[in-house]
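Accompanying notes for the structure given below.
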Amino acid sequence: MAADNHQIVVPTLLDVRKGNLGQVGRLLTRHGLMKVVIFFGEGLTDLLGGQVLNSLKDYSVDCLSTEEVSDIDIDAVVDRAFQLPAQTEAVLGIGGGKALDAAKYTALLRKWPFISVPTSSSNDGFSSSNTSLTIHGRRISVHAKMPYGIIIDIDVIKKAPERFIYSGVGDLVSKITAAEDWIFEEKNGRMRVDDCALMLSKKAVNSFVRTDFGTIHDDLFLKELVDSLTMAGISMEIAGSSAPTSGSEHLISHALDRYAKQPQLHGLQVGVATYLMSRVQNHRYERVKNVLTRTGFFDYAKTTGMRLSDFDMAIDKAPEIKPMRCTYLHVAEYRQLAHRILHEDPILQDVLSR
């Protein structure tokens, strides 16, 4: 196979600390972005809008348009995008998935810089070029635009419901099994591992799991979590795919989203599936278990009502989610092993309802 080089885009503006939501105007001015439009998550205009807009005013940044995002149907997103002022210099997404996805795709369509301002730490989407939009009634992952800037206020992240923090923990720990799946695919001649992307994904997890903390609300814990999720997002950009951060554990979660009667938050499903797959892979399962136990992830997951029978189904459905990949779950003997571990492991028996 001939060697090839590819260009990557990484965030230029990166500010993660306490209280910086009130500094958005200063941060944008520093990068010469003086005319912006803002996409807020539902309910966030009243909650955070005043603080953000006052900051823009203080630094003479013109806000040309604001709106709350509730509809991420691709047709609606495209229509909105081409109604925005032509003189716009950047698109800010402030909120969770829908606001960030709409802003990110709008930035791609209009060729404007995208500034990601997540209000929760539920997954690594805020730092990646992937977006999730509704197309013909189904949520589909669409390649969009890497953030030019990422602004994360730890005080805001801390106020988010605990389920979003635990979701972020689950999504981050999944990089352990995702990386092992990627290596497995290269050994079987199906993919080529990008060493730089793999290193960054591994470093993201290692930095987080070695962090000392008292509770999941500690400032240092939350900063390490969002810093590590940011690195994971960048590793996808380097690889040109989601492979360094998404493997068989994500396929289980996607199958649950598609077929389970009551799917849960992405990162919660992924975290449980990561522990299962670490056992299947016989790879760092003690580390995964320790992190998910120490943070209280397993205790929280137990309260959500995730069902063992749904995971049984998801194991079998996983290969059809991405048939072109070759993770451990694409091999029949490992699916059989996954079923056996699911029904024998005491942690999974405790966390999942029957």
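Cβ coordinates are placed from backbone N, Cα and C, and glycine is handled just like the others.
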- Can you tell which of Asp75, Asp171, Asp312 TrEMBL lists as binding glycerol with Asp124, His250, His266? Asp171
- Message: Measuring Cα to Cα, how many Å separate His250 (glycerol binding site) from Ala99 (NAD(+) binding site)?
- Response: 22
- How many Å lie between the Cα of Ala99 (NAD(+) binding site) and the Cα of Asp124 (glycerol binding site)? 15
